[in-house]
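Visitor: Quick one: the structure is below, and I'll ask about it shortly.
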Amino acid sequence: MDLLSDIEKQLQKATAQGFLIALSGGLDSTVLLSLFAKLRQKQPHLPPLSVRAIHIHHGLSPNADSWAKHCQDLCDQFQIPLIIERVQVDKTNGIEAGAREARYQAIKKHLQTQEILVTAHHLNDQTETFFLALKRGSGLQGLGAMQQQSVLFGMPILRPLLGFTRTQLENYAQKEKLNWITDESNGDNRFDRNFLRNEILPKLRERWAYFDLAVQRSAQHCFEQQQLINDLLSEAFAEHCQIKNQFKLCQFRKYSLAKQTALLRMWLAENQLEMPSKRQLTQLINDVVFAKEEANPQFQLVNKVIRRYQDRLYLTKPFSDLTKYCLKLEQNTLSLPDDLGNLSVQENEHNLIFHWQDFSVTLEKTNLPISIRFGYSGKVKHHLKRPREDIKKIWQELSVPPWERNRIPLIFYGNKLKSAVGFFRVFDEY
């Protein structure tokens, strides 16, 4: 089956109303763009096949500007709208990883509802991905490599060229007289993927002509086995993960280590996190899951933090220390730090009504300066019929996790705490 008819059949099965093509300007994505342009002309779609393209300008090469212009010229030729998005690459975890993260986050920003991202990964890419997973010591999920349709970074992705080799794409490009750019970094074997592509895999293909197809079969076996495990664990997983970013630990200790790690991996995958290594997962289980009950353990995983409180794991972002903030309320609206939103105040004849997120509290008017602070230690009287109690005990009774306690706006009249917005009022002086 040729490229055009195969992709045509794939698109007939797709439920998307539009397609966003990831266009680098290289051979693979240029072929993909050409195929979609042909399909749009060939198929009597009512409405017409909706196709857009996006080019990510990483700024890593001195040729990046000329690549962007090439992509624009290409899209003008095919009459396909193009988005050019410039990104900053965080090189903390390596250029490859940083560029990939920046690329997909930029694409996610532009992907529309009912639109699917289309990438030009082919059979040779699949082999490289499998070997890189093997190098990392990945399990079934990693060795499952890429699927023709999947979800990545929360985006639906279609890879219609996954069953074709690079040679087949080259033959098509030459037949259609297509022009494409070549990234000079492709020859740099310091990058693992380039080392495999340029040094290792050509020798394996020379020895075994159908090596890529064999790797694809193995990857598919791994994917199917992982799907089977997920199916078998689905009932248990539903019991432990009733809220997406939380994981209940009740009965968890009774499971085998294999079942524990499988369930945690499912939870991390549900939250679209990269899979931790086996060492990291073991550390998570030992240091967080099974930490002492009174402990407040946490585990950093890329840009997220896993915390435990009252027999439950929580997935949060890293939080800033807000305890030194003292914000004067001089207008009706105050912007709070660390993405906590706005706190606003309304006034009537006798009272001030403070609003924050879905919470509100009504306090008497005052001539004292009003400030918003975070974090407090000491005893307060939060109930008319109860004596003063340590604020830590109050938070515990309200089941507020330790890391959230210092993120709740505290209203002060002068130097006197009057309320933790949405949780309690203070009824006496201290």
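Each residue, glycine too, has its Cβ placed from N, Cα and C.
So Swiss-Prot lists these for the protein:
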- S24, G25, G26, L27, D28, S29: ATP binding site (BINDING)
Visitor: Which one of the binding-site residues (S24, S29) has its C-beta surrounded by the most other C-beta atoms within 10 angstroms?
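Guide: Answer by Cβ density within 10 Å: S29.
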Visitor: Using an 8 Å cut-off from the Cβ centroid of S24, G25, G26, L27, D28, S29, can you name the remaining same-chain residues around the ATP site, in sequence order?
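Guide: The answer, listed by sequence position, is L23, T30, V31, L32, A120, W180, I181.
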Visitor: Quick check on the binding-site residues G26, L27, D28: which one has the highest count of other Cβ atoms within 10 Å of its Cβ?
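Guide: Neighbour-count leader: D28.
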